[in-house]
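Comments concern the structure below.
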């Protein structure tokens with residue numbers, strides 16, 4: 001996952017969508033960075049207050065609900081911290097009109113109440129905010145009967161149940177709060193409760209309109225109509241006054257909350273000034289401690305270096321001769337299973353016992369896996385991957401100690417080198433620049449550290465917000481950045497919940513050497529972290545070497561240049577081009593350059609530069625002499641044919657005119673090239689040559705007995721009028737002598753099982769129409785017995801004659817030897 005920052009969170013919140021997978025993904029990312037929960041809450045509140053789109057506010061409420069519910073069991077403090085900002089968020093949401101937003105707020109509160117996320121007192125405060133929105137936006141219907149009820153107004157409170165945490169200072173929030181307080185006070189300058197005129201007018205009405213049991217005194221319709229008229233007159237005034245009183249109560253309650261927010265903002269302002277004061281003091285202390293920190297880092301490095309001039313006793317087994325294609329080092333406390341794992345994964349035996357410090361020397365072992373080469377488990381600092389073996393029951397205190405020890409010797413686990421450029425000069429002083437804002441150090445601190453290391457002339461460029469320790473690592477230049485895989489052994493001794501928790505952590509693998517659990521997955525992860533690729537080589541005209549022990553082992557992301565260096569140190573300087581078969585090319589094969597990246601199990605054929613034009617004549621004479629000594633038949637062909645030599649760039653091409661390729665000279669075989677390392681030109685594969693330049697065997701009819709298969713060059717049947725009816729077979733072919741081509745000169749070619757014996761469809765059809773009564777068409781097609789019967793009956797008195805014409809036209813009457821009609825082209 002990416003690191004946490006305010007910009008990263010704002011970007012993710014802006015891309016939030018109402019889909020469930022989008023909300024779950026962002027929720028998991030926030031839970032992963034729970035250490036920054038205070039910053040997360042404040043950024044979320046700012047985004048809510050800034051938003052005016054009801055749909056986006058709904059998405060923000062849903063993401064807060066998902067984080068709160070997921071943290072209920074794992075991190076309950078997140079639930080408590082989030083509640084401190086829910087009330088201002090709901091108050092802002094209540095001001096935005098929209099049925100979708102109101103429905104989302106009510107749904108969220110119901111979920112929290114059903115699942116007991118917060119208690120009733122906390123939810124009552126949030127309910128009041130939502131109900132206030134309903135009361136302000138609601139409307140009442142007129143009726144002829146007045147039923148006056150006091151509006152439901154929640155009781156005022158002096159202090160909230162849950163004391164909100166001080167918010168981070170926000171000038172926009174403070175300005176908005178002050179404006180709302182002034183607006184609320186302005187509305188309460190003339191409150192409805194102080195309107196004496198309306199109160200006096202309401203008091204002047206008869207008590208009967210407010211007392212239902214006084215209706216018993218009415219005896220006739222005149223009194224009833226009089227009372228009804230009085231009720232109709234008082235109803236609008238009383239309704240309006242009651243609504244004004246309800247609005248006044250809500251406004252007073254809102255004013256009380258605004259005052260609470262103002263107190264919070266005042267506290268946030270005080271906290272801001274205190275933090276600024278502490279920051280100033282901290283920077284002053286930091287400036288004084290920069291020199292001390294640089295000296296401590298320098299002295300720590302000197303303690304790790306061996307003392308010169310003293311010969312110590314020779315140890316046993318603290319280094320291993322470097323061999324193989326990659327190294328894997330195991331580091332761990334005594335009796336965590338290192339020897340057991342080494343013996344289980346390699347052919348090396350290491351003593352195993354139930355007590356600590358059984359193995360006191362460095363044991364090398366070789367792992368063979370998927371034919372990718374050999375791995376040597378050896379010294380940690382020279383290794384490519386570190387396996388940190390941990391006891392699953394004691395991992396909480398073992399892992400920090402091991403990481404601290406490896407940090408002390410200059411090994412950085414699962415980190416990349418910082419993007420800091422430092423180049424020392426002879427003159428010019430120190431030039432310091434940075435492309436990103438720096439929060440962990442400043443120019444003065446960098447100058448102090450450089451002076452401590454006696455560096456007074458250098459160019460320093462920071463391309464990332466690095467710390468002081470990372471800058472010192474760059475100055476030291478002896479830090480090693482290695483991938484680390486945390487292996488938790490003895491998982492059979494802990495609960496399944498703990499195993500699941502450990503397995504989900506990044507760079508973690510859980511195993512049990514004793515019970516052989518998850519060992520295959522560990523081996524796969526080791527090869528994944530090593531990132532090795534195998535590249536096979538191919539000579540011109542030969543098949544590639546694809547054996548289990550063949551190929552070149554390189555790192556992932558390697559290029560053709562790396563492959564050249566692995567083959568021979570001078571091959572890269574003589575490189576002309578390469579032909580690659582595999583997944584790294586768009587089509588296979590493909591001609592590529594020296595910077596082409598290779599993939600796993602690619603096949604490569606490297607072509608070097610040919611001789612220079614000045615050296616062509618002596619080189620040609622030397623090659624001709626060698627050919628004469630080894631291949632006399634080639635000399636005969638070379639002398640008998642007129643050969644033209646011309647230069648194409650750095651290549652020399654030999655061509656033979658087609659006019660001299662007669663039968664007598666074709667009988668003499670020629671070689672393809674002078675030398676495999678220096679091809680004679682850009683040749684086509686031999687299997688791509690046209691038919692006039694190759695010689696092939698004709699397919700024969702297969703004669704099979706029971707349970708036999710058809711061999712190459714034989715056909716079960718010949719002919720077929722449609723493409724799907726025609727069978728195919730492979731026949732042996734070879735390129736004609738003295739024809740230059742690339743690849744094997746003897747190859748197989750797929751051809752259809754079709755033969756021609758001189759039968760033409762049009763001629764046969766004409767025979768059938770004009771001479772069909774005397775069976776000439778049947779005689780021509782080879783049906784002698786049928787032709788005699790047709791001749792004796794004179795074409796079946798015309799019926800047989802018409803039937804044969806129909807069979808010919810529809811393609812159901814073909815030659816008797818299963819041959820095809822001769823083509824007309």
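Backbone N, Cα and C atoms are what each Cβ position is placed from, and that goes for glycine too.
All TrEMBL annotations are machine predictions without curation.
The annotation coiled coil is assigned in TrEMBL to 263-297.
Marked as domain 'CID' by TrEMBL: 1-134. On the 0 to 100 pLDDT scale, the domain 'CID' (1-134) averages 83 in this prediction.
Annotation source TrEMBL lists domain 'OBG-type G' at 326-531.
Per TrEMBL, domain 'TGS' is recorded for 531-608.
Per TrEMBL, transmembrane segment is recorded for 753-775 (among others). Here the transmembrane segment (753-775) has long-range neighbours at 698-699, 715-720, 726-729, 781, 786-788, 790-791, 794-795, 798, 801, 804-805, 808-809, 815, 817-824, meaning same-chain residues at least 6 beyond its ends whose C-beta is under 8 angstroms from one of its own.
Summarising the annotation, TrEMBL assigns transmembrane segment to 781-803 (among others). Long-range contacts of the transmembrane segment (781-803) within its own chain (CB-CB distance under 8 A, at least 6 residues past either end) are made by residues 759, 764, 768, 772-775, 813-817.
Residue counts of the domain 'TGS' (531-608) by helix, strand and coil are 8 helix, 29 strand, 41 coil (DSSP-based). Helix, strand and coil residue tallies for the domain 'CID' (1-134), in that order: 111 helix, 0 strand, 23 coil [DSSP].
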